[in-house]
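These features come from TrEMBL:
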- 286: active site, nucleophile (ACT_SITE)
- 124, 234, 470, 509: Zn(2+) binding site (BINDING)
- 35-537: domain 'Neutral/alkaline non-lysosomal ceramidase N-terminal' (DOMAIN)
- 540-705: domain 'Neutral/alkaline non-lysosomal ceramidase C-terminal' (DOMAIN)
- 1-27: signal peptide (SIGNAL)
């Protein structure tokens, strides 16, 4: 994606001259760099849709804690080479979603955006709706395909890129990095210790604690307009009992940063400044810093199997807070604090002379390479017994345990009914005892991917590695080292390598060869066998050499588009109708708030409502906090995207179609005294089936928020916002 021939070089110079003519300050913007940002709501269905992440079908959406967003960053060099990076508030990105995003972009921008120069990276929240995967294994726990989720994700991601494209401006980039030491722990420390001692001695700990950050500054005005960082940690502060959609700790951090930069003047999703908290090599990294313990005795769990008395379900990891919501806030605030410090002290300017991309699809089921003088290869996908045990962040069911290298007779019989692995597959995957022989299962679609996207993006001296799954700490380090070494050996020294986790598709976990031998959860979920990481290290090394030498690579085999196959398989209960009963109306207040509150209190109210899947309210809100101004008009202070609000949906009678909406607002200590109310908006589906859903709204009675001087705020959400904005946060 650079100008190679003399003719194209002249065209590039001419186009850059025209660009400079019409763009003031372009000469001072890091060598002609243009950048733009965009954000779009991708929250999806907030009622009765299984969540994606913990593989627990009974964990279904029932409201909103924080809305989900796609945050896009588009970069263009002086030659016209363009790349789009999108941080997606989702568990992961599916190939099916990326293909749909590219279809939408092609209609708007022609061939400007392709699979080669679009990088989609997920934060890995486990509290978002499922139903957007084409591969069967990732669709089973979400009861198949869900059009609302798929369309919300695809359209929202494409919209964020469009916004970023249309907001391109002369820009300057600044880089910074620093250590964040109190927000992550290893959830498989015994596996990490199996890596060579000499290798471990190079690092200070068993998780990476470096946050890498980019600051985007307008080249004409000098005003910051974007921030992008990478820090490895699971978004599992909220456990598998949570039913409210949320961006978890990274969603918390992103909202705090964006609201800080607007000083609270803009609501979430409406802000001009865009802040993204991306993931990296988080495969074995937990935010639950208090560690795992036995919930029945309080004693530490068995370190090798993560069990208590032989039971996986009793070993649970805990975060630093009073409960999971508080833990998400604390870990989010710590990421926000570190990012803000790095952002404010970022002085190392990134000189972007050019942007380049190298991309190749690879068949990961038969990748051959030489390791320690021996010819080895990868395998067709398979999941081990310990996969079903889950992790200390979210234990699985039945009698599975982590570290299982033998399996058991009963589950071997069950497995063989689905697909009995051949002797060759067993030998290829050993010491993994195969529970699901997914590489040989194809109904209704392939169960796991065979063809995987690999991609490197270079923006000046920065190289982004698109990791196509969940790489453990040491796995990510080896990939980073391989890319850095290949670049340096081919004339690109002094560069910075950044790992972008869960990018473009999902291929489960990637553990090191040594970690694979222990067969804990991450290893059991390393689907292409013990040499999976070695294959990725080799592949990314090849791409880095091609990037450094400006060599072309073939595109590789095409990725399958499974949309037409999977869309017919949806087992999520449809909405038949909504009702409230005779003499009642949608929007009626069932429980009114009190007459008066003070900062630090929580305002609560309940309404008769319809099913939230009638309208996802994308770009809108199911709830608003409103304050009466001096003219007597109601002003929106916050909505269901804000961290200090909660919209909880409850189906009270499935047969009659009755539902309640519970709204909560934690009053910040900086809230202005005055008259307030809560407003609920929704849609209901009439009993007459041919009628379309109809909108309704309802408001509580007025209530007073009194001066904060009479009471000290209780901390938590209120103090976070107060610390950010000072007095007058709304």
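Each residue, glycine too, has its Cβ placed from N, Cα and C.
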Which whole-number value in Å describes the distance between the Cα atoms of residue 234 (Zn(2+) binding site) and the residue listed as 'active site, nucleophile'?
5
Under 8 Å between C-beta atoms and at least six apart in sequence, can you list the same-chain neighbours of residue 124 (Zn(2+) binding site), or say none if there are none?
53, 91, 92, 234, 235, 250, 279, 282, 470, 501, 502
List, in sequence order, the same-chain residues at least six positions removed whose CB sits under 8 Å from that of residue 509 (Zn(2+) binding site)?
283, 469, 470, 471, 472, 521, 522, 523, 525, 526, 527
Other C-beta atoms that fall within 10 angstroms of the C-beta of residue 286 (active site, nucleophile):
24
Apart from 124, 234, 470, 509, which residues in this chain have a Cβ no more than 8 Å from the mean position of the Cβ atoms of those residues at the Zn(2+) site?
279, 282, 283, 285, 469, 501, 502
Across the domain 'Neutral/alkaline non-lysosomal ceramidase C-terminal' (540-705), what does the pLDDT come to on average, as a whole number?
96
Residue 234 (Zn(2+) binding site), number of other Cβ atoms within 10 Å:
28
